[in-house]
Amino acid sequence: MNFGKVIQVIGPVVDIQFPPGQLPEIYNAIKIRSADQENYQGSFEIDITLEAAQHLGNNAVRCVAMSSTDGLMRGMKALDTGAPISVPVGAEILGRMFNVLGDPIDEAGQVAAKEVWPIHRKAPTFENLEPSTEVLETGIKVIDLLAPYAKGGKVGLFGGAGVGKTVLIQELINNIAMEYSGYSVFAGVGERTREGNDLYNEFKESGILKNVAMVFGQMNEPPGARMRVALSGLVMAEYFRDVQNQDVLLFIDNIFRFTQAGSEVSALLGRMPSAVGYQPTLSTEMGQLQERITSTKNGSITSVQAIYVPADDLTDPAPATAFAHLDATTVLSRAIAELGIYPAVDPLDSTSRILDPHVVGDEHYSVARGVQKILQRYKELQDIIAILGMDELSEDDKIVVARARKIQRFLSQPFHVAEAFTGTPGKFVPLKESIRGFKEILEGKHDDLPESAFYMVGTIEEAVAKAKEMA
């Protein structure tokens with residue numbers, strides 16, 4: 001038993017001194033429990049897990065706490081467990097909800113997992129990687145057409161506060177996880193507890209909870225938990241990929257909070273802050289997480305990550321660092337949300353690696369580029385319209401504007417998960433239908449219909465039917 005003693009507590013960071021030659025390794029889990037203390041007089045029980053982060057010299061280590069450090073005192077005994085934080089993995093974790101340490105938090109008893117894995121692991125080697133070019137159909141028109149997702153790829157949903165990231169990730173869970181019979185892992189990183197609770201209950205009601213493992217480290221938890229909970233969720237997904245050779249879905253909401261937690265402890269660990277006050281190790285930390293979320297020859301991890309954009313600034317170091325790791329980026333725009341168009345995806349800012357004629361086919365590619373071309377032209381004409389009005393445009397430009405406004409509205413779509421709020425039933429639009437609908441608008445087949453007929457419908461037939469009702 002390797003015991004040390006607490007010599008300093010600074011919020012979530014604790015310094016512990018060990019006997020000479022018995023320093024715990026970096027990333028080892030260290031436990032402080034009231035049961036280990038001699039004549040402990042505190043009013044409540046203490047059971048805190050910390051992670052060794054730095055060796056300070058003088059036989060001391062600086063650790064980051066995974067739960068609140070309330071009640072800690074100098075001189076308390078701390079036990080080096082001799083291993084990193086480890087969480088349960090395998091089929092037994094499905095249908096359950098965990099915290100960062102892998103302890104169940106759904107009040108459904110202990111988890112009888114046969115194996116536990118450490119949360120820190122190496123990324124797969126280069127020769128084991130398996131690039132993918134198969135399109136993952138989401139049933140959301142704007143995504144499938146303009147920034148399609150790859151099976152086994154990494155997707156980022158970027159957006160400021162309140163533009164619909166969480167609703168979009170819930171719709172993707174609804175459309176992909178419900179259609180798809182495999183396993184999913186959901187990691188709630190530093191987001192609202194209420195949303196996690198709602199999601200758990202939705203999974204329960206819809207009957208897909210038996211195929212989902214959930215891990216939460218929410219907003220109210222100390223930065224240590226928020227910094228490591230993404231790794232706890234990831235290791236559960238890695239087990240399904242590497243040992244069971246499954247194709248797994250990994251949902252993370254929100255990657256920005258992972259970076260934010262790192263920056264909260266960075267200064268306490270004595271590092272010099274870098275740009276905008278972030279930790280100097282920002283890109284390393286992001287890389288260590290993202291490089292593990294990948295598809296190998298054994299199985300794949302398809303990941304969807306919501307990424308908060310502080311003050312709507314995509315050049316902020318946190319979202320900017322995440323961009324480099326993704327196969328597809330879906331950018332949510334406040335300007336589009338203000339028009340009442342949901343999902344508020346920016347069709348000109350969102351990108352995908354697989355929007356390529358060799359992957360999606362010539363028809364899909366030409367329709368997608370045609371839609372973007374018209375929307376781009378409309379964007380350029382907006383200044384002229386604002387100053388001189390529509391009448392000053394040429395006949396061709398008037399047609400472009402009319403079609404662009406129809407396309408803009410046709411990119412909106414009612415969601416299943418928002419049905420309770422909007423009263424409109426959600427729509428799943430197959431990719432073929434999306435391509436056909438936009439192709440018809442581009443060809444001018446629906447120039448006679450009012451633009452409001454295209455708002456919040458599924459397929460093009462619904463828009464035509466809506467126009468007839470309005471007439």
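Using N, Cα and C of the backbone, Cβ positions are placed for all residues, glycine too.
The annotation ATP binding site is assigned in Swiss-Prot to GLY159, GLY160, ALA161, GLY162, VAL163, GLY164, LYS165, THR166. In the three-state DSSP classification, ALA161 (ATP binding site) falls within coil.
With respect to Cβ neighbours within 10 Å, the binding-site residues GLY159, GLY160 differ, and GLY160 shows the lowest count. For the binding-site residues given as ALA161, VAL163, the lowest number of other CB atoms within 10 Å of the residue's CB is seen at ALA161.
Counting only residues at least six positions away in the same chain, the Cβ atoms of LEU332, ALA337, TYR342, PRO343, ALA344 sit under 8 Å from the Cβ of GLY164 (ATP binding site).
Remark: LYS165 (ATP binding site) has LEU157, PHE158, GLY159, ASP253, ASN254, ALA306, ILE307, TYR308, LEU332 as non-local neighbours, by Cβ distance under 8 Å and separation of at least 6 in sequence. Apart from GLY159, GLY160, ALA161, GLY162, VAL163, GLY164, LYS165, THR166, the ATP site neighbourhood in this chain, defined by C-beta within 8 angstroms of the site C-beta centre, holds TYR308, LEU332, ALA337, ALA344.
Here GLY162 (ATP binding site) comes close to ALA337: these same-chain residues lie at least six apart in sequence, with C-beta atoms under 8 angstroms from its C-beta.
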